[in-house]
Amino acid sequence: MRIDIITILPELLRSPFEASIMKRAIDKGLVEVYFHNLRDYTTNKQKSVDDYPFGGGAGMVMNVQPIDDCITHLKSERTYDEVIYMTPDGETLNQKMTNSMSLLGNIIILCGHYKGVDQRVRDHFITREISIGDYVLSGGELGALVLCDALIRLIPGVLSDETSALTDSFQDNLLSGPIYTRPADYKGWKVPEVLTSGHFAKIDKWREDMAYEHTKNRRPDLLDN
């Protein structure tokens, strides 16, 4: 997978890709990530990427021109499966979406700022709009990082144990149940006996039951899907 991120704050994005799972994926050659500073594509001396909204109102709006030039440049070099805009009014990211999107080859992620981008960007360039929740952040960079992490960990070969991703919360619309590790008895707080029984069929059944109960208590809406 190749991910091209368009941003006005590339320095905000770099460090998460230099550690942990995302770094491992890059080092293995399983994913390529590139940052494109939108200010490099402006045609004005000030390198500004925003202007006042037509009709007045609070805030600034990101210009069409630098976004057009950046996306057009990238598309001249390769084909992209999706051009994604991170925005609070997009479809809310979920596990089903990341499962399917992890199979894509090349994607562009546009990080918004200020009041957002000129609507013509959304009309003519964006193929998918994604939100990470019903709240507003200072920019789309943190949302882009969430999306990247959620996608990259699903790429085959990234996790040392590929079955780990398949048993995460939200797979099969269930939250993960309780998990335990050693010691089996700590200050009298004991691990459920079934988990140390060695009876794998019973363990699987216990985990399924716990996942269902946990989901019913915490996120009953998931069971309606």
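Using the three backbone atoms N, Cα and C, a Cβ is placed for every residue, glycine included.
Among the candidates G105, G112, the one that Swiss-Prot lists alongside I132, G133, D134, Y135, V136, L137 as binding S-adenosyl-L-methionine is G112. Those residues noted as binding S-adenosyl-L-methionine (G112, I132, G133, D134, Y135, V136, L137) have their most widely separated CA atoms at a distance of 16 Å. A simple way to gauge crowding: the CB of G112 (S-adenosyl-L-methionine binding site) has 27 other CB atoms within 10 angstroms, across all the protein chains here. Remark: L137 (S-adenosyl-L-methionine binding site) has G143 as non-local neighbours, by Cβ distance under 8 Å and separation of at least 6 in sequence.
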